[in-house]
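Asker: Dropping a structure here in structure tokens format, bear with me for questions.
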């Protein structure tokens, strides 16, 4: 069969963390629906998660599958079976995990040599995949999994180092050159960015990420042009990157079953969850979740409980503890009994997109990870912003100052995995602010407009639909 008639073959290589895997699996499903032969490359421990997410697409006859390569985590100081960043036992093990991820290069190259795909979509944390693909004449597309805003702000901070001009960690500085005046403090920046931290594994890795991004074929962005047009243009015209925004990727999950099967097995039955939501009035429930990686200490969980109770709002709270012990006394005494008629507590994984899309949900308390942020935007929801680490403080600025659909809870310090401590009064205030009063209604109107815009973008002839088809057409012309 000639290259003109055989389907385009693309390898998708997500970093082993749920926040990276889920959107890339969505992306592979989206590409498969357009006739692309898609192969998702992962490690044996992560294969079941991906398999459950693509089962329905396979039944529909689309060409999508999973292949595995070995992960040598124990050689780098990781516990046996630790193959996902979300399962590392401590923040100190994060660096070991990134080192171990580098050992995937050799088996990945063997896979490329054997199968010769037409393109590789490689996660940002596999910067070497640009050179690996180039060995076999294969173009590599980078996937960061974040917003244009965060990409632009992060690069401006990295290049210009504006934090060197301030005398304290809490003194604000302006990020130079951006379309909007955005202020941050040193305490809100990733620690590996700051001077004196350049010898860290992560700092070196992120330098490689930027270098190989420039030499790659281009960047796929899980966003919508209409959401952040000034930053999409800045990324292309000022930073000189080739890019295609094809999001929101989560919208490829159309029905209840697809939304429920996304990610890990939920800790609650989807029908029980929907039944509870169906019993509530429209826009009356606050959804509280901090992503798959953030795990708060017990004293912070107790503070969240007190703040939510004092807010007087109905809520769904997804609880993930830092501690592995089975004690249940970390919540205030009598809390669950007092809120039982207006709260649903989920200990573990939640069917997030299913919940956010329900008409009863009227607000979202989020850690500002980009997947959650874009899922909230797609659902048309105002948000309480509670950034913890990674690029989340940038995303908070996008929500609160550019899009104006967010209310900051007051987290001020970047802290790996565990976050800055926030008191119950601040939590109560922020939750009420997105749910009550005229300003809350104004935010909700803006958020709803953005939700409609997101859905239009992925429909036929929408901006993201058009970008995807243009990219696929370009790749077909470049077939190996």
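Residue numbering: from 1, along the chain as shown.
Using N, Cα and C of the backbone, Cβ positions are placed for all residues, glycine too.
Annotations per Swiss-Prot:
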type     : residues                                        : note
BINDING  : 19, 350, 352, 367, 370, 371, 372, 375, 391, 392 : UDP-alpha-D-glucose binding site
ACT_SITE : 20                                              : active site, proton acceptor
ACT_SITE : 123                                             : active site, charge relay
Asker: Distance between residue 372 (UDP-alpha-D-glucose binding site) and the residue listed as 'active site, proton acceptor' at the Cα atoms, whole Å?
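Answerer: Residue 372 (UDP-alpha-D-glucose binding site) and the residue listed as 'active site, proton acceptor' have their Cα atoms 12 Å apart.
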Asker: Just report the maximum Cα pair distance in Å for the recorded UDP-alpha-D-glucose binders 19, 350, 352, 367, 370, 371, 372, 375, 391, 392, no decimals.
Answerer: 23
Asker: Would you count the other CB atoms within 10 A of the CB of residue 123 (active site, charge relay), including those on all shown protein chains?
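Answerer: Here the count is 22.
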Asker: In terms of DSSP three-state secondary structure, what is the assignment for residue 391 (UDP-alpha-D-glucose binding site)?
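Answerer: Residue 391 (UDP-alpha-D-glucose binding site) sits in coil per DSSP, no helix or strand.
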Asker: Would you mind reading off the Cα separation of residue 352 (UDP-alpha-D-glucose binding site) from the residue listed as 'active site, proton acceptor', to the nearest angstrom?
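Answerer: It is 16 Å, counting Cα to Cα.
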Asker: Output, ordered by sequence, the same-chain residues six or more apart from the residue listed as 'active site, proton acceptor' with a CB under 8 Å from its CB, or 'none'.
Answerer: 14, 123, 125, 145
Asker: According to DSSP, does the residue listed as 'active site, proton acceptor' fall in a helix, a strand, or coil?
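Answerer: In the DSSP reduction, the residue listed as 'active site, proton acceptor' maps to helix.
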Asker: Per residue, counting other C-beta atoms within 10 angstroms of the C-beta, which of the binding-site residues 352, 372 reaches the highest number?
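Answerer: Max Cβ neighbours within 10 Å, all protein chains included: 352.
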Asker: Give me the long-range Cβ neighbours of residue 19 (UDP-alpha-D-glucose binding site): same chain, 6+ apart, Cβ under 8 Å, in sequence order.
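Answerer: Expected: 145, 291, 292, 293, 369, 371.
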Asker: Enter the number of other CB atoms within 10 angstroms of the CB of residue 370 (UDP-alpha-D-glucose binding site).
Answerer: 26
Asker: So if I measure Cβ to Cβ from residue 391 (UDP-alpha-D-glucose binding site) and keep only same-chain residues at least 6 apart in sequence, which ones fall under 8 Å?
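Answerer: For residue 391 (UDP-alpha-D-glucose binding site), the qualifying residues are 146, 147, 150, 154, 190, 370.
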